[in-house]
Amino acid sequence: MASYSVTVSVAGTSINKYPAGSAGFDLAMADSYDPGKQHARRVAAYLPKQQGLIYLPGQQTVLSEDSDQARPFKQRRYFFYVTGVVEPDCHVTYDIAEDKLTLYVPDFDFKRTIWTGPTLGKDEASQRYDVDRVEYFSALEGDVLRWSQANPSLPIYILHPDQRPVTPLTVAYLYESKSLKHAMDACRVIKDEHEIQLIQRANRVSGAAHRSILANLHHFKNEAQIAGLFIDVCLSLRSKGTAYQTIAGSGSNGATLHYTRNNEPLAGRQMVVLDAGAEWSCYASDVTRSFPIPSSVSGGRDWPSREAEQIYAIVQRMQEECISRVKEGTLFFSIHQHAHAIALEELLKLGILRIPQGSTKADLIKAEVTALFFPHGLGHHLGLEVHDVSPDSGTIPVELAIEREKGLMSVTEHRPPCTLSAPPLASGMVITVEPGLYFNRLAIDQARAERDEPNSKGRFVNFDVVERYVDVGGVRIEDDVLVTKDGNKNLTDAPKGKEMLDLIYGR
């Protein structure tokens with residue numbers, strides 16, 4: 001694909017949105033393949049009966065409260081999974097026994113067409129999507145009625161009890177709302193090749209946006225400019241936008257995990273935590289980079305302080321070692337524990353943590369003291385949602401149960417797969433690996449106030465040393481990783497480490 005360069009003027013300064021080294025993009029490329037019906041078949045195979053009707057509504061147009069303006073449209077992900085349809089006000093049914101996928105599109109509305117353009121029609125939908133039949137919405141009620149009358153003993157599978165199709169109240173329908181979500185989650189957690197390509201494309205857009213920010217960072221005075229350029233590049237590359245609210249936290253704001261105000265000046269601050277990911281065809285990327293603010297660096301150095309460099313190096317080690325452990329059959333919670341083990345080792349070396357007289361390292365583990373600085377899970381599933389669905393939990397593995405009983409591991413659980421009962425990683429899963437270390441003033445002050453209590457984390461903290469690191473704020477590094485049979489594949493190409501620093505300083 002041919003690369004290209006576009007420059008824009010920001011606050012009187014020429015900004016190159018696509019610096020040298022950015023991945024080229026073919027903006028004319030379209031995602032021509034739609035696996036919706038294959039997904040419907042996969043879901044049906046997980047249901048308790050191989051007969052029945054699956055019904056799913058798409059996202060309907062909804063007005064904001066006390067307004068005539070529609071809320072921003074986001075397609076329901078379960079509906080999208082079996083249709084590939086990104087238009088509002090649609091519905092779908094899948095007759096399992098007949099292997100028949102029927103899409104229902106909005107009835108034609110002449111007035112609406114004049115104002116907003118034509119809605120998705122039957123002919124267009126038949127050409128664009130892998131469905132067997134397309135009807136207008138007005139046909140849905142009669143179709144469901146006739147199917148139910150012909151199959152009175154078979155279930156209509158629905159996702160939630162409040163997502164039933166509109167049907168006559170005088171007719172009894174056999175709705176089943178317990179099985180479909182479990183079946184769809186089991187399918188969604190294992191990505192097929194098409195889904196992997198979409199996640200990788202979202203990552204390519206994210207990588208280009210992160211690269212652009214690093215190359216132009218010396219121009220920026222405010223967090224808003226960082227967040228704004230990220231969205232600018234995503235939209236320019238035909239992404240519909242970001243998969244979640246951008247986090248562009250400078251200084252102490254980087255110690256707030258989901259900081260989204262993005263409106264404070266960069267002056268006088270050391271680091272930025274930028275957690276920002278593009279979406280492509282409803283699939284998410286989730287990428288975090290932490291980098292120095294050039295105006296805070298002097299004397300030919302790369303880092304604003306020795307403390308910032310040290311914390312970045314620790315988090316970099318945490319991520320590299322954890323990614324190397326990602327493979328099929330591995331328990332992700334064990335990898336999460338390894339990240340905490342590295343944090344414990346390195347924070348003891350820096351003197352941030354201490355082992356008081358009469359205590360042992362095991363006491364620090366039991367107190368979960370590293371959670372004061374690393375308070376979140378190592379990662380989560382990624383797919384149609386940034387925090388994507390997970391498979392059903394199983395029993396806690398024996399080896400983890402023994403370690404927990406002996407006090408040899410942290411027992412704090414987070415979002416799956418960062419739980420004791422999460423099943424092992426499987427080929428086709430896409431997970432994030434996002435270790436971080438944070439110096440959150442509120443958390444530190446609370447630990448200091450409780451340090452004399454018998455079970456407190458503060459007993460093991462050198463607060464005088466911690467004060468030297470507070471201005472770092474936080475450091476998080478996050479990549480999206482595909483689990484494979486023989487290891488893993490990192491889908492994220494946003495610069496980090498030396499490549500990141502070279503871009504910032506124009507080397």
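Positions of Cβ are set from backbone N, Cα and C atoms, glycine also.
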Which of Asp275, Asp464, Asp486 does Swiss-Prot put in the same Mn(2+) 2 site as Asp286, Glu478? Asp275
Quick check: of Glu328, Glu345, Glu434, which does Swiss-Prot put in the same Mn(2+) 1 site as Asp286, Glu478? Glu434
Among Asp275, Asp286, Glu434, Glu478, the binding-site residues in question, whose Cβ has the most other Cβ atoms within 10 Å in this structure? Asp286
Alpha-carbon spacing, Asp275 (Mn(2+) 2 binding site) to Glu434 (Mn(2+) 1 binding site), which is rounded to whole Å: 10
Assigned conformation of Asp275 (Mn(2+) 2 binding site) - DSSP reduced to three states: strand
Taking only the CA atoms, the spacing between Asp286 (Mn(2+) 2 binding site) and Glu434 (Mn(2+) 1 binding site), expressed in whole angstrom, is 10
